[in-house]
Amino acid sequence: MEAVGKHVKLFWNVYSDYAVLIAISLSYFVFDVLMLPFTRQFSLEDITISHPFALHEQVPTKYLGIICVFFPALVLYGFGKLRNNSLLFWKSLMGLLYSTMVCGLCVSLLKNAVGRPRPDFLARCQPFESTPKTGLVDVLSCSVPWSDKVLQDGFRSFPSGHTSFSFAGLGFLAIFLAGQLKMFRNKTSSWKVVVPLVPLSIASWIGLSRSQDYRHHKEDIAVGALFGFAIAYVVYRQLFPPLDHHNADILYVQAELDEGYTNVHSAGNSSATNAEQMV
């Protein structure tokens, strides 16, 4: 039994990160597809939800994974190859996936719980002509049936999923680049400051596009950006030292491995020296 316990512990130490990531990812996709939003009351006089419904979004959801996960993963792979360090790539990739999946799950739960109408909600709802123009009404005033996915999604405005996901993925990449390039070292080159701003600029553009498409209110976008970037930073700090650290580009686990190797190597040299002295 003791041997079995050791194997289970070893298995958990090695694969626990993968197991938790898979569980979070599955939960995210299940809740995102199956969970229904809270149907908040609204007013036909509310001009903030009276914008037209855009048939074509500037950044469709199907491209979000490519921009915010696949593209950053390629950059992480490039740094791993450049440094000849596969551990750097795999650990950073896990961080990227954790950042985006944790953010996606939390935002999905929050959006459905809050149930804030989108700026284009009335265009999705198409209220009956007999609906009172004053006062508050509910989803029963919509001529579009509740089973319609477009109407359901109209209650998922806060916070912005596109924006939070963008800053969770591209924000993680920006922090990673700042650390690898040691951006906060004294007398750093100006180009090292510009490079991390590129993914942040792309994430900001995605957030801005959600306002231009009338999918989100400005508060949804601002909170989504802060939330996504905060998760990215927290996840990053589980892997790397602070950005102003002299070894900001080295993984915690890498530093531990290198320190262990140094200690063993030093002990070996010390033993060899003692043996020579005895001879």
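Every residue gets a Cβ built from N, Cα and C, even glycine.
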Answer yes or no as to whether Swiss-Prot lists Ala54 and Tyr214 within the same topological domain, that is, on the same side of the membrane.
yes
I'd like to know the mean pLDDT over the region 'Phosphatase sequence motif I' (111-119).
97
Tell me whether the transmembrane segment (164-184) sits in contact with the transmembrane segment (59-79), defined here as at least 3 Cβ pairs under 8 Å among residues 6 or more apart in sequence.
yes
